[in-house]
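Following: one structure in structure tokens, then a few remarks.
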Amino acid sequence: MYTSKISGLGYYVPENIVTNDDLSKMMDTNDEWIQERTGIKERRHIKKGDGNSTSVMGVKAAKIALERAKLTKNDIDLIIFATLSPDMYFPGGGVRVQDMMDMSTIPALDVRNQCSGFVYSLSVADQFIKTGMYKNILVIGSENHSGGLDMTTRGRAVSVIFGDGAGAAVISRSESKDRGILSTHLHSEGAHAKELSLEGPSTEHWVPELIEENPKENIPYFPYMNGQFVFKNAVVRFSEVINEGLQANNLSATDIDMLIPHQANLRISQFVQKQFKLQDDKVYNNIQKYGNTTAASIPIALTEAWEEGKIKEGDLVVLAAFGSGFTWGSAIIRW
Ligand code: UT7
């Protein structure tokens with residue numbers, strides 16, 4: 001059986017920086033509240049007319065990852081695209097990437113697992129590599145949140161958190177037994193699907209119904225989040241799934257060289273850091289600059305950590321995510 005390794009990483013974020021003060025001009029919020037509750041100082045938003053979309057940003061990140069993997073588009077056997085904000089309701093973003101990158105008719109698979117989308121995608125890629133079916137897989141996490149947020153005071157508990165961006169990784173076949181993706185661990189609990197969701201347009205809330213009802217409150221085409229409930233579940237599940245991954249590999253928290261948590265909220269990352277008694281230099285956070293970019297947050301953070309020289313050959317890197325679904329997961333990687 002083969003092993004899979006990350007052979008290239010890249011990310012792209014739109015140039016347009018939106019600070020907390022910028023948001024306070026659109027809704028009743030303030031820099032102090034946002035920083036204290038989330039750690040976020042600013043985020044990136046696509047600007048109308050800048051040419052970006054979820055797929056376009058994904059392509060920009062993917063091209064960097066490919067170049068760093070020293071591969072070309074012709075070497076890629078499969079595209080896996082994770083997002084909750086596809087350009088179109090259907091088809092998904094994977095086929096758009098295949099077209100925009102002018103790739104041959106390779107398969108394109110879309111993953112709908114929100115904040116856990118990248119870890120789920122990595123796990124799928126890992127299985128295809130291990131069985132020998134594919135050699136190189138392009139995994140992309142990309143989100144265009146800004147186009148779909150309620151930027152009024154009504155939506156402030158959600159809108160201040162999310163940002164736009166994309167991250168990509170090339171997953172390649174490796175012959176090494178002790179390096180690469182050691183294991184991945186995935187979970188879901190659909191009983192809490194509505195606690196962090198966007199209900200319409202969907203077949204439950206279809207367009208004619210939305211137009212007819214046009215409710216003033218709880219508009220189903222804006223995301224809804226039961227923040228405190230999500231927070232409480234997140235801290236438990238993050239810890240559980242990191243422990244599960246460590247135990248599966250006979251490792252302990254002291255073996256972790258770098259933890260890359262999904263950037264949900266700085267307070268969640270700090271809580272997890274404390275639980276595992278990790279030094280500051282063993283956890284990477286960049287939510288301060290980008291907000292929560294959902295499926296893109298782990299590949300963006302992983303790329304930045306790697307670019308800054310914080311991930312070295314032989315390091316034990318742990319990825320962990322939790323989000324809407326609820327879904328959660330971890331990946332244990334020997335770099
Ligand atoms: O990535 C997927 C997973 N997502 C998460 O893990 C997010 C988890 N949840 C959270 O991060 C936090 O729950 C939030 C950051 C969303 C909210 O923080 P909180 O400490 O749970 O605040 P809260 O929702 O309990 O709201 C506290 C107060 C409320 O006012 P009252 O009722 O106490 O008067 C809110 O109306 O803060 C108010 N509030 C705001 N005030 C200023 C809510 N949003 C804002 C805002 N600016 N943007």
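Along the chain as shown, the residues are counted starting at 1.
Each residue, glycine too, has its Cβ placed from N, Cα and C.
As the structure is a computational prediction, the values presented were derived from the model and not from experiment.
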Kindly point out the range from 68-72, 98-102, 223-227, 263-267 that TrEMBL annotates with region 'ACP-binding'.
263-267
Could you give me the DSSP helix, strand and coil counts for the domain 'Beta-ketoacyl-[acyl-carrier-protein] synthase III N-terminal' (109-190)?
28 helix, 31 strand, 23 coil
How long is the line from the C-alpha of Asn292 (active site) to the C-alpha of Cys115 (active site), rounded to the nearest angstrom?
9
If you count Cβ atoms within 10 Å of the Cβ of His262 (active site), leaving out that atom itself, what do you get?
32
The one of Cys115, Asn292 whose CB sees the fewest other CB atoms within 10 Å, among these active-site residues:
Asn292
Mean of pLDDT values spanning the domain 'Beta-ketoacyl-[acyl-carrier-protein] synthase III N-terminal' (109-190):
97
